[in-house]
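Novice: Pasting a structure below so you can have a look.
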Amino acid sequence: MTTTLAAPRSASQPTPFDRGRGPLTGFGTLLRFMLRRDRIRFPAWTLGLVLLVAYFANALQLVFPTAADLGAFAAFSSNPAAALLMGPGFGGDEPSLDRFLASTYGMYLIIGACLMSILTVVRHTRLEEQSGRAELVRANVVGRHAQLSAALGVTVLMNLTVAVLMGALLTAMEFDPAGSFAFGASVGAAGVAFAGIAATSAQLTAFPRTASGIAGAVLGGGFVVRGLGDMSAAQGGDLGWLAWLTPIGWSQQVAPFDENRWGPMAVSVGCFILFAALAYALSTRRDLGAGLVQARRGSAGAAPWLSSPFALALRLQRASLIGWTASLLAGAFVYGAFTQAMLEGFADAPPELLVLFGGEDDLLTGYVGMMGLLFALVVTIYAILSVQSLRSEEAEGRSEAVLATAVGRPDWMGSWIASSALGVLLLLVTAGVGTGAGAALTTGEGDLFGEALLGHVAHAPAVWATLAVAALLYGGAPRLVPLAWAVFGYAFVVGFFGPLLDAPDWVVSLSPFEHIGEYPADELSSAAMLTLTGIAIVLTGAGLALFRRRDLTAA
Amino acid sequence: MSATTSGAPAPAIRITDLRKRFGSVTALDGLDLTVERGEVHGFLGPNGAGKSTTIRILLGLLRADGGDASLLGGEPWADAVALHRRLAYVPGDVELWPNLTGGQAIDVLSRLRGGVDRARRDELCERFDLDPRKKGRTYSKGNRQKVALIAALASDVEMLLLDEPTAGLDPLMEAVFQACIREAKAAGRTVLLSSHILAQVEVLADRISIIRQGRIVETGSLRDLRHLTRTSVAAIVDRPADAIAAVPGVHELRSEGGQVTFEVDGDAMPAVVRELATLGVTALTATPPTLEQLLLRHYGDDVDDVESSHVEVAR
């Protein structure tokens with residue numbers, strides 16, 4: 001083989017080293033590169049959030065054409081249950097559509113922006129390091145902090161886009177401009193704060209999923225802490241300051257369309273600066289690709305039980321199941337323990353609102369029943385994520401190793417889905433125990449424990465049916481698995497906003513979660529449970545059959 | 001294992017006219033390949049020529065668009081599970097479960113195939129110098145490769161399908177690997193060994209098939225393929241080298257002072273060596289050809305082109 005040597009670079013040509021030596025060298029290039037990589041993701045997230053608010057605003061205008069129709073809102077804003085789930089209802093004494101929008105739906109937009117930030121930061125930092133791509137980048141003329149800075153830049157840009165577009169869109173829909181932009185900014189501010197938090201969590205561990213998990217736990221913990229604070233404030237208690245400890249709380253204290261305070265957002269930005277600085281400091285103390293927490297050594301051989309595809313599937317989902325069990329138990333207990341406070345707070349709420357809990361006669365059972373639906377939906381998140389993990393197993397080439405042994409395709413996928421279905425059951429029992437124990441302890445009604453447990457577990461067939469939709473999509477074409485979130489989103493909106501928005505029956509009945517009944521408020525329908533279980537089995541079977549026929553998608 | 005053979009055994013692998021497309025890219029374009037039982041067969045081709053696609057079809061992980069493939073007398077897609085009990089596979093790019101240790105991964109994979117020989121597994125861990133207690137995500141590429149190799153070699157199977165199995169191994173471990181393959185051959189196992197480096201395959205393979213752009217272009221024993229191989233020779237000699245230029249099969253001879261370089265066809269080597277001996281050689285190097293040179297010479301491939309046009313297939 002003959003090669004000609006390239007002529008030596010002439011002295012007049014600039015070398016790449018001339019471009020800069022600072023820790024931010026390459027920031028601009030990386031920022032543009034990340035935007036290029038996110039050319040679908042960026043608009044999907046930002047426009048998704050913005051269109052969601054437009055949808056809510058539009059729907060509210062249709063449902064409540066006049067301010068008088070919003071009578072329920074007054075009670076809503078001062079009742080602790082709403083405060084726990086949705087935040088402080090500012091300006092409830094003077095009901096208006098825009099305040100209702102901000103105080104009812106603001107929470108979900110804020111959480112959406114926070115998740116957007118966490119996933120974006122981790123995607124461009126820790127995931128890049130784990131995959132080894134960051135090594136390629138860092139070996140180039142790129143400063144030590146350029147990648148983290150560019151990732152934060154992209155994320156802040158996403159949140160700014162959300163804030164500005166949301167403000168502009170609501171203004172265009174003839175909402176008060178000052179309130180519209182304050183509302184948009186409050187959503188973006190929480191997202192910015194979580195960009196900083198995720199930047200720090202990405203330094204702690206070598207693994208992207210753990211990094212997202214840590215930031216997600218901060219978000220979840222913040223939700224609970226803020227909820228307790230808001231609940232206390234609604235009841236005139238003295239724990240209202242708890243809401244001021246969390247990014248969600250700061251954003252909600254903006255009180256859009258009411259006080260339009262911009263001050264709390266400064267706290268969010270301060271939080272961002274603090275955690276971003278911490279992330280920079282931590283990143284200089286570790287090696288590329290390493291976390292601050294070192295991995296431990298494990299066992300030299302597999303335990304004897306680890307010898308079937310089902311056992312392997314369970315083993316691979318074990319860590320996630322343990323995490324979910326612990327957080328669900330804690331979360332459900334908090335919500336269950338809130339039953340008594342809710343009863344008192346709702347004593348004289350208007351009937352329009354009580355419809356959400358099945359009417360005032362059964363406030364207690366209505367609340368416990370609604371918790372069952374709430375946690376069933378939370379467990380559905382686990383179910384869909386577990387199918388997405390199966391997809392990663394395949395995409396990252398590990399399913400190939402399993403399928404190259406004497407394990408058939410239906411065996412492998414079936415084992416995975418079965419272990420997910422079992423996990424669903426375990427998590428529902430856990431949540432039921434949490435809610436039941438909390439409710440029984442605070443109200444003194446021991447029967448509630450068993451009722452809550454049954455009410456939670458009874459939703460299993462609906463969760464399984466959703467799991468089966470994800471399994472069917474996986475069997476057919478793995479990249480379609482995210483479509484299963486549509487079922488989740490639909491069920492969530494129908495379940496929690498359907499009664500308030502007076503949705504037509506057929507719309508409600510399309511959700512798999514609306515047939516079994518919210519025990520103890522409703523009777524349980526065993527026919528629905530059997531039907532949904534049957535649907536789950538049929539869909540999973542179809543998924544298995546499809547998986548048998550397609551090519552394995554290898555990395 | 002002997003229970004499986006009945007009468008005249010079918011070849012371990014028989015592939016005729018195998019075709020596979022991914023979208024608009026043709027990965028396999030009428031591939032024919034026969035591997036006899038008990039042989040070590042080198043499956044040689046540049047990156048993206050279709051080696052991994054062929055092996056994945058043999059494993060029933062991909063479904064062929066056309067043609068026939070039979071493996072150990074069975075049909076790769078329909079009989080996948082039964083066949084997999086009788087073979088072990090090592091992919092070129094080994095991915096392990098981040099939370100399982102290497103030892104756990106070896107055990108799980110062996111058990112799913114039908115059992116593990118504990119003593120053999122421990123012996124292999126030692127020979128390959130693998131620490132089985134580290135978590136999968138902390139292994140380097142070479143160590144991940146060792147985990148897959150040990151899981152495959154510790155199994156009592158009839159056949160080994162190895163897709164560039166030594167890509168991440170250092171020379172010392174490569175020697176261990178070669179010893180293991182020789183042992184496997186001595187035990188009567190069939191080995192399909194894919195590689196893009198001729199020298200790696202040469203030392204082990206009984207026969208070699210060369211794949212290029214989804215087709216087999218040459219197949220045979222090393223001796224059969226001698227006509228393809230041209231060795232580069234450089235020598236420092238005392239006397240003029242004109243005699244060598246006259247030997248048939250010597251090409252591109254250049255002589256400058258006492259330094260002489262030329263290329264020689266495989267079958268002309270004996271004559272060249274005889275002539276060289278008379279010239280007073282004081283230094284001599286002979287370099288075997290690389291696969292790339294070989295393909296370049298015989299098929300006019302610009303190897304870079306081949307790689308870039310097929311690289312998507314490997315993704």
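Cβ atoms here come from the backbone N, Cα and C positions, even for glycine.
TrEMBL does not curate its annotations; it predicts them automatically.
I grabbed these lines from TrEMBL:
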- A:1-15: compositional bias 'Polar residues' (COMPBIAS)
- A:1-21: region 'Disordered' (REGION)
- A:42-64: transmembrane segment (TRANSMEM)
- A:105-125: transmembrane segment (TRANSMEM)
- A:146-172: transmembrane segment (TRANSMEM)
- A:178-199: transmembrane segment (TRANSMEM)
- A:211-229: transmembrane segment (TRANSMEM)
- A:262-282: transmembrane segment (TRANSMEM)
- A:321-343: transmembrane segment (TRANSMEM)
- A:363-385: transmembrane segment (TRANSMEM)
- A:416-441: transmembrane segment (TRANSMEM)
- A:453-473: transmembrane segment (TRANSMEM)
- A:480-501: transmembrane segment (TRANSMEM)
- A:527-547: transmembrane segment (TRANSMEM)
Novice: Do at least three CB pairs under 8 A connect the transmembrane segment (A:178-199) and the transmembrane segment (A:211-229), leaving out pairs fewer than 6 apart in sequence?
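Specialist: Since 3 or more Cβ pairs under 8 Å link them, the transmembrane segment (A:211-229) and the transmembrane segment (A:178-199) do come into contact.
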Novice: Given pairs 6 or more apart, does the transmembrane segment (A:416-441) have at least three Cβ pairs under 8 Å with the transmembrane segment (A:321-343)?
Specialist: yes
Novice: Considering pairs 6 or more residues apart, do the transmembrane segment (A:321-343) and the transmembrane segment (A:178-199) have at least three CB pairs under 8 Å?
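Specialist: Output no: the transmembrane segment (A:321-343) is apart from the transmembrane segment (A:178-199).
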Novice: Give residue numbers and ranges for long-range contacts of the transmembrane segment (A:480-501): same chain, 6 or more residues beyond its ends, CB-CB under 8 A.
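Specialist: Beyond its ends, the transmembrane segment (A:480-501) has Cβ neighbours at 59, 63, 353, 355-356, 373-374, 377, 380-381, 384, 387-388, 391, 462, 466, 469-470, 473-474, 507-508, 510-514.
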